[in-house]
Structure formats: structure tokens, C-alpha cells
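According to TrEMBL, the features are:
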type: COMPBIAS; residues: 595-604; note: compositional bias 'Acidic residues'
type: DOMAIN; residues: 520-698; note: domain 'STAS'
type: REGION; residues: 574-617; note: region 'Disordered'
type: TRANSMEM; residues: 93-118; note: transmembrane segment
type: TRANSMEM; residues: 124-144; note: transmembrane segment
type: TRANSMEM; residues: 173-197; note: transmembrane segment
type: TRANSMEM; residues: 256-273; note: transmembrane segment
type: TRANSMEM; residues: 285-302; note: transmembrane segment
type: TRANSMEM; residues: 338-358; note: transmembrane segment
type: TRANSMEM; residues: 370-389; note: transmembrane segment
type: TRANSMEM; residues: 409-427; note: transmembrane segment
type: TRANSMEM; residues: 471-496; note: transmembrane segment
């Protein structure tokens, strides 16, 4: 292929400051009043009402155009496959939420139907999610601990936990926090607050989910070893739990441990087989479903609970629960947890939704997703579900098995409905250790995220620091407190980076109007007598002082010392003038008659003094002629930033160094105008659109333009 020919061009025009640019381009001063914007937003019409309805209830826009020929078979196979996954995962994640397993099935039914109607993503599979479940479990066990439900049994002279009363209370707590988190999500969606997810960067989310996965693993150790450690809450709870588990390991139930190990090994082997035969199998082997069926049959035949003390799921009632309004008295105790759940659940769902939307070429509405998840959680809370989000494993299965729309999710909900109505009671003998094994194996993807650390170390060390700090904060604290601390730490890294920017002096690439940092390029020359200064960050109150210090350091001008010297010289000159004036006045009184017809020597003396002042006001020969502040990285200026630029122009101007600005964005110019930067002495003539215009202006002598300057105005490339 023939190499593209480089095209040269020549520019010949006068130097333009911002004032001349405004005149040449005829800057518009039209501003739409805020009241008019409000009236326009409230104005209603039939097309606008229809658009609002379709965007608020997305199913109305895509379901009438649903193609049975193209989508039905794929959605049917995908729906059945994902529905089968919902069964073991729903029951397993219910253990994480510290509620009876059947409530995990409820959480895999009601919220999915709501999301089918209001969700804007075609591919994600919402439902129970490990991180959300463990956060719910922390709340339920904190507000309804075993110690509150101890009862004395006369027959055995021992205290036992009233499991029925405890589970009933925990379901109320889970429903209350889920309902409240849904309200938070709907409120954020209604006020168009979907951009909140931008504060959850990818390193933060991945570090957080890895830390939450460690919490999940630790919470399931009691089911793996068949022990009963005490519930710890607050900071370092995970550390205390691990220590107690280690202390109780000698009391391990051997039968439970054997069931756990066999289940984990079997699940891993079949999953690896799925991976190996992935391209040959039309549908992945439903390893979790096979696992719980085989484990249930063996437990029933061998009587694992009676003979070996292996804890089983227990009673699973058939049918659906009637709607019950959550207990409002619990809202005050769970409000912080509810907000954390709403942010985490939304962040995970929208992240996955955007990935698949980009892959398949459609758009996911971030605010509509908030409303959809909020309705799913709030209505789910009324039906005693716990908070849901999007599962990566189920979403991958839904996509890989041919699912193209949310009809696949609705069909998976129908599978769960059939299980709850007729099949659920068959799994009452299922060992809880098998559910814990399913959780462990499903978390292997999150644990692989530790490989992010070396990758981020090579690409961006600050992101790696955010990842590691998020992991540590989440592990040491509860997931809700860890999330808040992680977001705060991530924000601090941004602030530190704006407070510690890179300051550079720019030079000209020979025979071009391109300017680059002098320290980064060998063939870049500084402009004689002109300092071009740039900061890599915006200018605001947090780094304003460092900006001035860096300018003084880079330019080599000790502005404080020079101003001090000037003030001393000015004071000395004034004292000398006053002294000479007093002496002249005194001599004039004595010799008034003699000097009547002669020239006034006192005037000559004053004139000499004035001449000395003029000579002294000239800039020092080592000082640059001008300083150009390149402000293209600056996207806003606060009052401190405007004041800083005003002080720089005043102070350097006082020692004879002209200061001009270039590369200002429109919003920055507006900030300068509103901040009082311009005055009778300072106009837009000190602002330039490009560095080259500013350089030409600074190299132009006020009286004449020498030959070299004329050549610079017609630059050839």
C-alpha cells in the first residue's frame, strides 16, 4: 500500500487575541433563561408522552417487535438453562443471607419478572448474587443474632436456639433492608443520578468483589466443617471469625467435611469438563443441579443427618408467600446498609449491562436501570425476597446458550415457579455443605481477580493501589463500611493527583507552531526571552499555591525577593526625593532674590531624580520578557484560581515581565469574567487561543517589528 503523502500548509494571518477572535467569529451572547428551561422540560405533547412511556416501560417498545423465528428457540433453551442454575444458587445464597433456602427461590422469581418489564438490558441475568447476599447476611445476623432466641429445654437441661422464631425475624430484617434499598435506587433513578456509578471505577469494583468473596468464603466455613462459631460484627469481624474457626477445627464433623470435599472436587471436575468441551456441547452440563440432585438422593438413602449429624436444608414449604409490608420500625436500623446495597447492586448490574450492550450494539439507560432494580427490590421486599443484582456466571450462560432478550429471564422465572409449587419439597434432605461447596466453586472467578495486581502494576500503579486498598478495607471492615472507605480512598487518589501535577516548560518544535515539554524532547527549543509554563492538572484552591511556587521555580524568578527589592528601592527613591525637595525649598527661601532670573536648579534636580526612577524601573536583564501560562488542561477555575492568576499577572508585571494566558476553554474565560480578572487595565488582549499566537505577541516589540518577527508570522511546515 502506497504511503500517504504528507501535505504541507502555510498560514499567514495577524496575531489574534481572544477579543479579536470574538469579533471575527461573532460570539453569541444568547442565553436561555433558567425559567424557560423549566417550562420546556414541563411542556407535554403526545410524541413526548409516548417517548416517556416507552422509555419508562421498555418492554412496551421491544416486546411487540419480538421475532419468534429469530429469538424463540434461543431464549427457550437459555431460559431453562438459567432457571436450572437459579435453583442451587438461590438456595446457596440464601444461606449467605442467613435466611431459609426457600427465600432464595422467591428472590429468583419475583424480582426477575419486575426486571423483565422495566429493565433496559437484553442479556443480563438478575437474581441472587453472592456479594449482595453476604451483605444481607451481615445485617440479619447483627439484628437477629442467635443469642436473642435461646430457649431452655427441660428434657435435656440445655439451651437451644428457637430456629423458627429466629428465621422469621431474619426474614423480616432481610425484607426491610431490601425494600429500603429499592426505594433508594428508585429515588436516585428519578432524580437522574445514574452517573453515581462513575465513582465506582473498575479497579475499585473488582477489588471490592474480591474482598466480598473472601467474606463469603469465611461465612461458609461453618457449613464445611460442621461447626458453630459465634457471630462477630463490626471492624475486624472477619479476622475474629477466622481465629475462632481455627480454634473450633478440632470439633469438625467428619461426615460434613467429607461431603464438602467430595462436592467441591466433583463440581470442579465437571466444570473443567464443561470448559474443555465448551465448543462441542450445545448446552453446558448443569453441574450444580446434578450436584444437588445426587447429594439429596444420597442424603435421603444414607440418612446423613441421623447417622452422621450432617446438617440439611430442612422444610421447604410449597407455594408462594402472600405479600407483607416490611416492618417500618426496622428502617432506622438498616438505612446505612440499604444505601450500600443499592449502590453495590446497581454498580455491578450496570457494569455488566454496558459490557453486553457494547458487544451487541444497543444502549443501556443507566437511570432506567436504577428504577428497574429499585422496583425489583422494593416489590421483592414486599414478597419477602432479599436484595438482588446481576450474576456474571448466569449472564454468561444466558448469552452462550442463545439468549437474545429478557424473555429468557422470564422463562427462567417460570422454571423457578414450577420448582416452588411442586418440586421444592424434594430437596429437604439436601446437605447445606453441598450448597457451601457450590458457593466456593462459583467464586473461583472472583478469586482469579488477584491476577489484576501484576497487570495493574505494569499499566497504572495508582489503579493497583486503589485495587489493593479496596481489598484490604473490605476484608478488614464489613462490606458496607469497606465500600464507603474504598470510595473515599479512590476520591483521595484523584485529589492527590490534582495536587501533585506535572509542571513543564514548553519549547517549540523547529519550523512548526507545535510546542512540547523541553525535558521530554531533544529537538525542542525554548523561545528566547519567553517562558511558556503548563500544569497537567486544573487550577483550583487545593493546588493554587503550588502552581505559583512551581512557576517561580521553573522560570528561575524569585518574585518575592524582586518585589521586596523593588519596594526598598522605591522607598529609598522617595526618601531621596523628599530630602532633595526639602533642601531645594530651604535653599530657595535663602536665595530667593538671587535666583529670581536664573533657571530653577531644584527642578533640574527633581528631573534627575525622575530620570533615575525611569532607569530603575526597567526590568533586570536576566529576566524573561514575558511569561505565557498555557491553560488548556484547566477545565474550570474557582475564585482561588482566578485570584491566583490575577496575582501572578500583577506581581510579575510589577517587575516588568508581561504575563499572558493561552489555550483557555470557554468555561474558563467565563470563570475569569465572573471572578473579576478583567479590569480597565486588563482586557481580553492578554488571552490567546493558541500558544503560537501568544509567542508572536510576546516577541513583537511595541515600537517596531524586526525582520525575524515578520518571518515567524508566516510559518511554513
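Note: Cβ is positioned from N, Cα and C throughout, glycine not excepted.
In this chain, the transmembrane segment (124-144) lies apart from the transmembrane segment (256-273): fewer than three C-beta pairs between them fall below 8 angstroms, excluding pairs fewer than 6 positions apart. As a quick check, the transmembrane segment (285-302) and the transmembrane segment (256-273) clear the bar of 3 or more Cβ pairs under 8 A, pairs 6 or more apart, so the two touch. Residues 75-76, 78-80, 82-84, 86-87, 90-91, 101-102, 105-106, 108-109, 112-113, 115-116, 125-126, 292, 296, 313, 316-320, 398, 403 of the same chain sit 6 or more residues outside the transmembrane segment (409-427) yet have a Cβ under 8 Å from a Cβ within it. Under 8 Å from some Cβ of the transmembrane segment (471-496) lie the Cβ atoms of residues 131, 134-135, 138, 199-201, 204, 207-208, 210-212, 214-215, 233-239, 336-337, 340-341, 343-344, 462, 465, 542, all in the same chain and six or more residues away from its ends. The transmembrane segment (370-389) and the transmembrane segment (256-273) are not in contact, since fewer than 3 Cβ pairs between them lie under 8 Å (pairs 6 or more apart in sequence).
Highest Cβ contact count with the transmembrane segment (93-118) among the listed stretches 173-197, 256-273, 338-358 falls to 173-197 (criterion: pairs under 8 Å). Residues 97-99, 103, 136, 139-140, 143-144, 324, 326-328, 330-331, 334-335, 337-339, 341-343, 345-347, 350-351, 365-371, 373-382, 384-387 of the same chain, all 6+ positions outside the transmembrane segment (173-197), place their C-beta atoms under 8 angstroms from a C-beta of that stretch.
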